[in-house]
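Enquirer: One structure, pasted below without further comment.
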Amino acid sequence: MESEQLFHRGYCRNSYNSITSASSDEELLDGAGVIMDFHTSEDDNLLDGDTAVGTHYTMTNGGSINSSTHLLDLLDEPIPGVGTYDDFHTIDWVREKCKDRERHRRINSKKKESAWEMTKSLYDAWSGWLVVTLTGLASGALAGLIDIAADWMTDLKEGICLSALWYNHEQCCWGSNEATFEERDKCPQWKTWAELIIGQAEGPGSYIMNYIMYIFWALSFAFLAVSLVKVFAPYACGSGIPEIKTILSGFIIRGYLGKWTLMIKTITLVLAVASGLSLGKEGPLVHVACCCGNIFSYLFPKYSTNEAKKREVLSAASAAGVSVAFGAPIGGVLFSLEEVSYYFPLKTLWRSFFAALVAAFVLRSINPFGNSRLVLFYVEYHTPWYLFELFPFILLGVFGGLWGAFFIRANIAWCRRRKSTKFGKYPVLEVIIVAAITAVVAFPNPYTRLNTSELIKELFTDCGPLESSSLCDYRNDMNASKIVDDIPDRPAGVGVYSAIWQLCLALIFKIIMTVFTFGIKVPSGLFIPSMAIGAIAGRIVGIAVEQLAYYHHDWFIFKEWCEVGADCITPGLYAMVGAAACLGGVTRMTVSLVVIVFELTGGLEYIVPLMAAVMTSKWVGDAFGREGIYEAHIRLNGYPFLDAKEEFTHTTLAADVMRPRRNDPPLAVLTQDNMTVDDIENMINETSYNGFPVIMSKESQRLVGFALRRDLTIAIESARKKQEGIVGSSRVCFAQHTPSLPAESPRPLKLRSILDMSPFTVTDHTPMEIVVDIFRKLGLRQCLVTHNGIVLGIITKKNILEHLEQLKQHVEPLAPPWHHNKKRYPPSYGPDGKPRPRFNNVQLNPVDEEREEAEEEVRLLNSTIL
């Protein structure tokens, strides 16, 4: 019941634009159909974090970086729960890394004391390799299971193997003596539903019965998939890659990588693929692999107690997921590095490579497709490409970029409409409608009726004398004894022209249905549908170029290299290049995509065409918007994710973004020795902030440190239970030495051990481009803003996201070149040219000379704009 309520709540409430809503205390975040309430999240107001103190915009460490590593060392007994994180919070990367270094020092200092300590040290050192090995084994095994089950259930829509019910269509006819080479898919052992129900193998009645059974099984699989997701694991829907990117950036979504999500996603992924929906299993396989990595990381204390270290395992797991999805171990490592990982040290690169290797080895051992390959559509080409062909390859890149830009805008618009209308309240009905339309339209066309991976395989395959596909129905005048590699270009037959028309209809169908399918509440990947669209377009272009070269071989562009009777053009190569271009246009992947496709073909010869098409698709797509589909869905769902690919080119300062603003309530702060337990508890109960700056006194406002709301609550509750004399009037002391108190005063509560003594600070004059860069590279949760050591406000990741969104809607003109050559920025004037107000009795206006110079710069800027 709890999961069903969560599911309904996710589809009945609108969460779009959470980072731009008017009320920062009531922001909702929608993750995979589930609303996440950030009323007390660290992205709303004050957050916690260890960082460094800076002067102007040069950051230095205000205290020893190890001060945060000794948060608990000053206590006789560490307080359970201190230093952990709530759900829907961002981890503190700096603190987690410091904790790991402290743990490593402690283990090294004890390993020489006894053989047991040495064994524990070796176990700790090898635990990283053990966890990625287990992750690779599980990922490869689950991928093989999904492939086998999806193939069997896909063929179940058309018929069944009477001799062995667990065989799919191809396996059923392998051992048949009646099957011929031309009709290798027809054998007595395989019976269509029309043969079983009405006893007819041909004719209108047979066609109608097979049509009805195809729709019945498609709707049954789709309904079962969405029902399982709704009841048991709402997080199992979608691709999972946007959420994986957000989690790897430091965000915590409890249950998203749990065992229930893994189990339901594995089952429903098979059902969703078998239903014939325009989706793929490759993207969700990354989610499945990350679930395996997360589960196995809890077996090792090194990773279970440290969120930053756990994300190293998840980076390796995402590489293993792509490795088994495409049979591309190296491409999987590059995908993890380029597309999903936020923190990727060198040792993670090695372990990612090892996890991808183990996963690929396990999948190869299972051999799910029976072709000794890791993927169904593995191909090899032997014909070289020629310089002239770069022109159609680039045209395919342009098509891929245009398709990517169109898909991102159309899909985001539809998903936004789904969230903002009553249609989003009925996810099961939506899935059933999409599945019904897909099945009804797909069955008459043999290319849309095919499983999408089978379709890509047929489009990639080069035509030889043994091929019986209509795409290879050329007028054959050659001697049948010639070998495959010597087959010359031939005139297209009736079957080829018929196939082209069917492919054109399939292209339109795939484009429309993919827009409406990606984002529905079943596991749905985007890799395979995008590749299928590109492969269809590429095959059509390849056939056109092939026929052009055949009929006009005397043209100057063909005369030098394409002679009569020569095999010049490979249409399957064009399909492969088109697939890469369309996938690149949607995801904006470059290096990893080229390597993945290169590993699919097994040849170095076609890297240049692939690079040309992929880069062209990226450039064309970036002309319409730099966001890929995953970044667009991250922004749509309101995840607190700072994309490192975006450039900050505006001239705002930290004082323009920090909270509190001019009309906001004053900054909530703690004093180091003047507050009681009741005072702190009242402040915690009256505010929703997740952290509080600690200052010396109300008069000085000098920064001492930063205390987390969660740590304060846990420490006070623990002290009331374990320490005698702690009452509501007890003085709370964050200072190193307890101040002298009257004899009758209750026992003071010392909380210096939970205080972060080196929070990251910047001055109010720091340019926001530097602040944004710090947040991206260090993974900060928040940053305090000071002026001469006096606390003015705080900047959180949510504040930065809101600021970036405002700048997108009201684009501030770029600064003129002379502006960046100044020794300092105009520090005391806002973008409107007016003096900044006072904060906490600190005048932010400059002296007269600075004011005159700043006013002159504003006038020059205005004249530049005009």
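From the backbone N, Cα and C atoms, a Cβ is placed for every residue, glycine too.
From TrEMBL, here are the annotated features:
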type	residues	note
DOMAIN	658-722	domain 'CBS'
DOMAIN	755-814	domain 'CBS'
REGION	815-840	region 'Disordered'
TRANSMEM	126-150	transmembrane segment
TRANSMEM	214-236	transmembrane segment
TRANSMEM	256-277	transmembrane segment
TRANSMEM	284-301	transmembrane segment
TRANSMEM	313-337	transmembrane segment
TRANSMEM	386-408	transmembrane segment
TRANSMEM	428-447	transmembrane segment
TRANSMEM	499-520	transmembrane segment
TRANSMEM	532-553	transmembrane segment
TRANSMEM	573-598	transmembrane segment
Enquirer: Among 126-150, 214-236, 256-277, 284-301, 499-520, which stretch has the highest count of C-beta pairs below 8 Å with the transmembrane segment (313-337)?
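Expert: Maximum Cβ contact count belongs to 284-301.
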Enquirer: Out of 126-150, 284-301, 386-408, which stretch has the largest tally of CB pairs under 8 angstroms to the transmembrane segment (499-520)?
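Expert: Stretch with maximum Cβ contacts: 386-408.
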Enquirer: Should anything in the same chain at least six residues away from the transmembrane segment (126-150) have a Cβ under 8 Å from its Cβ atoms, list it; otherwise answer none.
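Expert: Beyond its ends, the transmembrane segment (126-150) has Cβ neighbours at 266, 269-270, 273-274, 281, 285, 288-289, 292-293, 296-297, 299-300, 302-303, 312-313, 316-317, 320-321, 323-325, 347, 351-352, 354-363, 365-366, 368-369, 451.
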Enquirer: DSSP on the domain 'CBS' (658-722): how many residues come out helix, how many strand, how many coil?
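Expert: The composition, in the requested order, is 24 helix, 17 strand, 24 coil.
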Enquirer: In terms of Cβ proximity under 8 Å, which residues at least six beyond the ends of the transmembrane segment (386-408) contact it?
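Expert: Distal contacts: 511, 514-515, 530, 533-534, 537-538, 541-542, 545, 557-558, 561-562, 568-569, 574, 577-578, 580-588, 608-609, 612-625, 627-629, 632.
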Enquirer: Roughly where does the domain 'CBS' (658-722) sit in mean pLDDT, to the nearest integer?
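Expert: The answer is 86, the mean pLDDT of the model over that range.
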Enquirer: Could you give the number of helix, strand and coil residues in the domain 'CBS' (755-814) as assigned by DSSP?
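Expert: Its residues fall into 24 helix, 18 strand, 18 coil.
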